[in-house]
Amino acid sequence: MQHLKQTKHLRDRYSTDQDPPPKFSPLYHPTDLFGILRFDHFKTHTMTQDTRPPKARPSFKRKPYKPQSAPQHIKASSDGHEERMHLEDVRVYNLAGTTLAYQLAMAAHIVMAVKQGYSMQHALTAIDMAEGARANVQRLCFDAMRHWGTTQFWIDRAVSNPPGPWLQALMAVSLTQLAFEHESEFVLVDQAVEAATNMKPHAKGLVNAILRRFLREREQWQADALTDEVATWNYPRWWINAVKQHYPDDWQRILTVGNSHPPMTLRVNASRGTAIEYIDYIKEDELVAHTMPALSADTVILDKPCNVMDLPAFADGGVSVQDAGAQLAADLLDVTNGMRVLDACAAPGGKTCHILERYDVDLTAIEKDEQRAARIEDNLQRLNLQANIIVTDANNAHQWWDRVAFDRVLLDAPCSASGIVRRHPDIRWLREANDLDGLARQQAQLLRTMWKTVAVGGRLLYCTCSIFPEEGEQVIQAFLSHTANAQRIELPQMTALMHGTGQLLPTATDTLNHDGFYYAALTKTAD
């Protein structure tokens, strides 16, 4: 197939989220910081020059990173309306971007966007902001999503008539900071009122009254919140009930971990060095980290997060950002050199690259979303790796498969992302209980299609970043009951880590710190 033209842009952000369509999609994949390239659908891109690192392992090497300018592809202007918002029109006037008032107003816009169905990371990316404000606005939004159940309980109790969506979001963001983040009370109230004055002048008195009432009655408000499960746990009621049902002994721990701040977890490029060597290497940058060998030999967790652009050896491919639970895939797939490997639903390419860092294989990566496929390419280039990238729906095997079977197939299926809510706290408020049935049907269809491409004696690894059995064990059990030539492969190395069969529950301890995943390995016994 023809070589595809490339146009590369660098995002002005560090994220573990996707670039979703304007309306939040139920098919959710977490991603890292990568650029954007343009691909034609149903085309294959192969890096024609083999630029793999030499077999002799070099030391981690420092070289300057010179990012391109972020494209100014969104023009912002806003009239502050509270109907269904257009992200490209959002803007805060007459407030300096360095002020807390500006940042509170912007955070309220983004939280409002989430409540209207947008993913938070998409809103953070799409809305134009003053230079230097984005990091703090993102922090305010993440905090607000982690405490949304509590703040909505308080607002509902305190206001007889529901405020408009922007005001509700502003009060939620402000109450979160007062109650949980130890902001200066005087400054916070003053700046929240300033934000309201700028955007909704008629409501500044209401904002002032609610925040000051909270300060006077804080203990009573907090005690009242404990009488309501949603306000206590900060998840939708259906989510709480589902976790209770499936994990009666662990449900409180699971919900608590989901509300915690995740660590910055790295994957060391095995072709460049070991995790221990990298930890020693970053000491001169005054960074402290530890390994997590129970999950992956390549895992390093920083004691304190840092900007990814400041991460030693990131720019030249020595290290990547990836949760420890996701790093298990490369081990469980059981790859050896010379194999033909397929990574279906591959974006952003973390698992693809982990495999290529370890093994000399012929790897094909499929991703149906054009922008997300671009992330794979950017990651490959940064890490000096090569793969075939096909931009198409993996279910359309007749359009992309050459009928040569794969020795190993990794199916990282789109899912509810319920296992990664500590990294994306908006997910819980975007999901609905009936999403799971639809997702399970799509996962089952992908599994049936990918099974056709597996060689006899080959292995398929099915995984999701979900904690709900509807997307994991139930999908696999249904598939096995209808597929005579499929046999489950036991994963004894995972017995101590998994809950039941295949389920890795989100955990945050000194020895284990990872998101929630489901893994199942299958082998094909005959055609």
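Just so you know, glycine gets a Cβ as well, placed from its N, Cα and C.
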Per TrEMBL, which of Glu367, Glu370 sits in the S-adenosyl-L-methionine site along with Cys345, Ala346, Ala347, Pro348, Gly349, Gly350, Lys351, Asp412?
Glu367
Taking just the CA atoms, what is the gap between Ala347 (S-adenosyl-L-methionine binding site) and Cys465 (active site, nucleophile) in Å?
13
Would you mind checking how many other C-beta atoms are within 10 angstroms of the C-beta on Asp412 (S-adenosyl-L-methionine binding site)?
23
Using a 10 Å radius on the Cβ of Ala347 (S-adenosyl-L-methionine binding site), the other Cβ atoms enclosed count 29
Specify the secondary structure state of Asp412 (S-adenosyl-L-methionine binding site) as given by DSSP, simplified to three classes.
strand
If you count, for each of the binding-site residues Gly349, Lys351, the other Cβ atoms lying within 10 Å of its Cβ, which residue has the minimum?
Lys351
